[in-house]
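The structure appears right after this line, and notes come after that.
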Amino acid sequence: MVAPHLAAVFTKLQTLSTSDYASVVSMNIFVALLCACIVIGHLLEENRWMNESITALIIGVFTGVIILLTSGGKSSHLLVFSEDLFFIYLLPPIIFNAGFQVKKKQFFRNFITIMLFGAVGTLISCTIISLGVINFFKEMDIGSLDIGDFLAIGAIFAATDSVCTLQVLNQDETPLLYSLVLGEGVVNDATSVVLFNAIQSFDLVNTSPRILLEFIGSFLYLFLASTMLGVIVGLVSAYIIKKLYFGRHSTDREFALMMLMAYLSYIMAELFYLSGILTVFFCGIVMSHYTWHNVTESSRVTTKHAFATLSFVAETFLFLYVGMDALDMEKWRFVSDSPGTSVAVSAVLMGLVMVGRAAFVFPLSFLSNLAKKSASEKISFREQIIIWWAGLMRGAVSMALAYNQFTRGGHTQLRGNAIMITSTITIVLFSTVVFGLMTKPLIRFLLPHPKPTASMLSDQSTPKSMEAPFLGSGQDSFDDSLIGVHRPNSIRVLLTTPAHTVHYYWRKFDYAFMRPMFGGRGFVPFVPGSPTERSEPNLPQWQ
């Protein structure tokens, strides 16, 4: 009696051991592929066509082909895709680093335009795509999709992926364009996820004006609450480090606290059903403005490069997996009997993405230019084309939302759902590779030699500028005359230059209250070896 029982236990343990060994082998191969992506991406860095995103995607496709052949056509994966893995572990470092490294002057100077593109533009794009698929898909045999699926498709394909464009744009040469593309990309992702969650939570069968008002109210609440949560967590981290001097002699503790507080903001947002993307983005902005200046010199270098590295690895991981997922045979079997339908669906969706993008970029750019007096602050037609182009690429957010809507645990047994997944994969591959390959030549053709302007001066208060003096070229100076923001002395000035006026009063409030309370450059008492120690002898010390 005992022997058979022991044999069964031994067999079970052996099975578990085999499973664990297979997982270890898969992880080894995946990590080796990540290393290959980094090495090959570096070698192709100066290539006119390639960039690291496309490199990872192509390596993923080739790896998927090899795995598919060795497994006898059963699978092309080393790992099983999970939208939870994406949203909980991979997306936070990417978005946080975007906020942490962004040049705040340019971002907030163009905040209204960024919100127009990222929020209003995404709503317009989502509406056009949803209406388009409702009209076109009725004529196609793609299975049973309801109104919720059509609206979800709008949110899925309204999510842009501007990584390829940002890798080509230079933040110092084209600060306006870079800040618009980066800011719109982050706000767009947040808006798409908020829209997607709102669509899933509302009863869309019994629609009424009241439902529409509730939808708009829920959307605004999520936007504002998510932003405020990120700001609050960022300020708390700054206050803790400023008051307790956590890392005066320990870079490890400082870096750990900043990293955990940033991740805490994202997890708290998910806990309260808010937008983690918006929360962690604004947490990154606040940390770079206050917290980062309260830590030691070594911690500044460590945090800057560590956050950038985490973001880079997460992006590479995503593109590598998307490449392998493109050959998932389980989903392609459902469309193998009618490949023309899948191609038609992909073509319709790609066309709607291009139309939906154009429908808001050019009109909203026109409106934005009307409110700007200076020609250097206006968005030229060539820059509008690049902004339109930057948002045509679809990536990991679209993939994750599509899996969330049309699969269960990464699997689907419905033909309509399988067609939507394969179409999403097709569009992600096509847009990233084709549009991505043409990005560098397009930008070099449209912006061959950008002329330096005053707005191209680097924002030295951001962690991006570690190699520059902390107080140079008059940037971020306490003298309003040096930063070009003069005291508004009339209502007319307030109405004609609202951005400069708001900027003036914000700077005044920031210097008078925020920095003395939460720290930042020039406001923490000087203590040898403390976070405020500077190499510049002429830096003013604020008591």
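Glycine is no exception: its Cβ is also placed from the backbone N, Cα and C atoms.
Quick look at what TrEMBL lists:
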type     : residues : note
TRANSMEM : 21-44    : transmembrane segment
DOMAIN   : 31-443   : domain 'Cation/H+ exchanger transmembrane'
TRANSMEM : 56-73    : transmembrane segment
TRANSMEM : 85-102   : transmembrane segment
TRANSMEM : 114-138  : transmembrane segment
TRANSMEM : 219-241  : transmembrane segment
TRANSMEM : 305-324  : transmembrane segment
TRANSMEM : 344-364  : transmembrane segment
TRANSMEM : 385-406  : transmembrane segment
TRANSMEM : 418-438  : transmembrane segment
For the transmembrane segment (305-324), could you work out the same-chain residues 6 or more beyond its ends whose Cβ comes under 8 Å from its Cβ atoms?
30, 33-34, 37-38, 41, 52-54, 56-64, 67, 76-79, 81, 86, 89-91, 93-94, 96-98, 100-101, 163, 255, 259, 395-396, 399, 425, 428-429, 432
Interface check, the transmembrane segment (344-364) with the transmembrane segment (418-438), three or more C-beta pairs under 8 A
yes
Among 21-44, 56-73, 85-102, 385-406, which stretch has the most Cβ pairs under 8 Å to the transmembrane segment (418-438)?
385-406
Positions whose Cβ lies under 8 angstroms from the transmembrane segment (385-406), at least six residues beyond its ends
53, 81, 83, 86-87, 90-91, 117, 149, 152-153, 155-157, 159-166, 177, 180-181, 184-185, 188-189, 192-193, 196, 200, 318-319, 322, 325, 353-354, 357-358, 361-362, 365, 379, 412, 414, 417-418, 420-421, 424-425, 427-428, 431-432, 435-436, 439, 442-443, 446-447
Are there residues at least 6 beyond the ends of the transmembrane segment (56-73) whose Cβ is under 8 Å from a Cβ of it, and what are they?
29, 33, 36-37, 40-41, 315-316, 319-327, 329, 429, 432-433
Residues outside the transmembrane segment (21-44) whose C-beta sits under 8 Å from one of its C-beta atoms, at least 6 past its ends, are 50-52, 55-56, 59-60, 63, 78-79, 313, 316-317, 319-320
